[in-house]
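Listed in Swiss-Prot:
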| type | residues | note |
| --- | --- | --- |
| DOMAIN | 8-205 | domain 'Glutamine amidotransferase type-1' |
| ACT_SITE | Cys85 | active site, nucleophile |
| ACT_SITE | His179 | active site |
| ACT_SITE | Glu181 | active site |
| DOMAIN | 206-398 | domain 'GMPS ATP-PPase' |
| BINDING | Ser233, Gly234, Gly235, Val236, Asp237, Ser238, Ser239 | ATP binding site |
Amino acid sequence: MTNIHNHKILILDFGSQYTQLIARRVREIGVYCELWAWDVTEEQIREFNPTGIILSGGPESTTEENSPRAPEYVFNAGVPVLGICYGMQTMAMQLGGLTETSDHREFGYASVELKATDSLFAKLNDDLTACNPKLDVWMSHGDKVTRLPSNFQITGVTPTCPIAAMSDESRRFYGVQFHPEVTHTKSGLALLTNFVVNICGCETKWTAENIIEDAVARIKAQVGDDEVILGLSGGVDSSVTALLLHRAIGKNLHCVFVDNGLLRLNEGDQVMEMFGDKFGLNIIRVNAEDRFLDALKGIDEPEAKRKTIGKVFVDVFDDESKKLTSVKWLAQGTIYPDVIESAASKTGKAHVIKSHHNVGGLPDYMKLGLVEPLRELFKDEVRKIGLALGLPAEMLNRHPFPGPGLGVRVLGEIKKEYCDLVRRADAIFMEELHASGWYYKVSQAFTVFLPVKSVGVMGDGRKYDWAVSLRAVETIDFMTAHWAHLPYDLLGKISNRIINEVNGISRVVYDVSGKPPATIEWE
């Protein structure tokens, strides 16, 4: 079996908003990597045994006395090191160079002129008309390196940054003041490939097929002939987890699908058809709509609704698990960003790996072992694996749907009537987005039920019914978002269909709020 962890890159995080993007780019190249906090110990680095190390950017200033520094062992480990932005600055400082606060800060696009050819910039050039090769890059820095460490050479400059890139080829140390991990840097992926593959010598074994083979083998080794229970929601993470487990242990996997009455139109039937009929998984469908809606009566505060939905799910799941007395393992669709977030929130350090209970926390008395086959993977990798396992692309690329479902898309108190109305309205919205070619042009779209009534006219009669809001946004990372400028004729068609086809809705509005100041979801 292919050892997909044999060659690996260690990324030390100094707090940049782009750090996870570095990891995703390295994985995209085909090499495994992990993201740890900057203050790891020598023992931890030795144990990980990286083939190369990348120092990320960060918001701090190396001119400050107590700013973060890379562990000294990083520069004594005998492996290549790439410093990006702050990572380059701390490399320079720690190896005897000097940094200063710049009079001319660089934020945004810049052109770096290459002054020397080294292994990092081999065959890179974005401007063939220039005397020296040039790269179109993305800068985001206020400090700059003003004096090189011994044995380093300047490899790149900009008009306001005399040392935009540097290298010591003998020790295989490299620094770039720009961000190769962002798509704005045109040859960024090629630069990272030069470092990871050509300089570090990593083999590109991190592929969907090899990841599946490795995951299946590890599941078999972990659980053996034991039985496993999984809460299957129909979302990407739990779906891919289910198929990996099914491939590894077959009928020893018991999937529990909880229909809470807060799902999209016909979603429960679609999940059963896909995983029960098509893939042959062992699925228990629990119709718990009444139980959820009863528990939610009188609750209108968003966080209280979320907590109630999470608690009822745990109770329902617990009831079903008690019926399966031979189950010894609980499977979860935890992915790598969950692991990073969980560790950081508990300790402030990304390298302390803790379990992330994405089902809201299970009772201690269940005493089940934990199986998390996706915990090393980013979301885009999970989708690629799902595709390789046979899941349809349209399912894997669906817009995000919140864990509480319609519980946070019905404003105020949740009632079955409201859920039914917003479900049907949203189905029309999605249908028209697909038909018009807009579904995959926007990052997320959904319908919100507004608990207000307004007067409308149908034929010769007046009606006094509910209102819904349509929401569509465009975003790269969901941290910020712009409202999508859908064509007026499309919005008009969607509105007319909803008002005419969904009895109980008399008004449709379109949300034109960006994030910030608004959030993407209303609750």
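Cβ from N, Cα, C; glycine included.
Other than the site residues Ser233, Gly234, Gly235, Val236, Asp237, Ser238, Ser239, same-chain residues with C-beta atoms no more than 8 angstroms from the centre of those residues' C-beta atoms, the ATP site, are Leu232, Val240, Thr241, Ala242, Gly333. Local packing around the recorded positions Glu181, Asp237 was summarised as the count of other Cβ atoms within 10 Å of each Cβ; on this measure the leading residue is Glu181. Cβ-based crowding with a 10 Å cutoff singles out Cys85 as the top-ranked of the recorded positions Cys85, Val236. The CA atom of Gly235 (ATP binding site) is located 37 Å away from the CA atom of Cys85 (active site, nucleophile).
Inclusion criterion for the binding-site residues Ser233, Gly234, Val236, Ser239: a C-alpha placed within 10 angstroms of the C-alpha of Cys85 (active site, nucleophile); this criterion is met by none of them. DSSP assigns His179 (active site) to coil in the three-state reduction, outside any helix or strand. A separation of roughly 33 Å, to the nearest angstrom, links the Cα atoms of Glu181 (active site) and Ser233 (ATP binding site). For Ser233 (ATP binding site), the Cβ neighbour count at a 10 Å cut-off comes to 25, with all displayed protein chains included.
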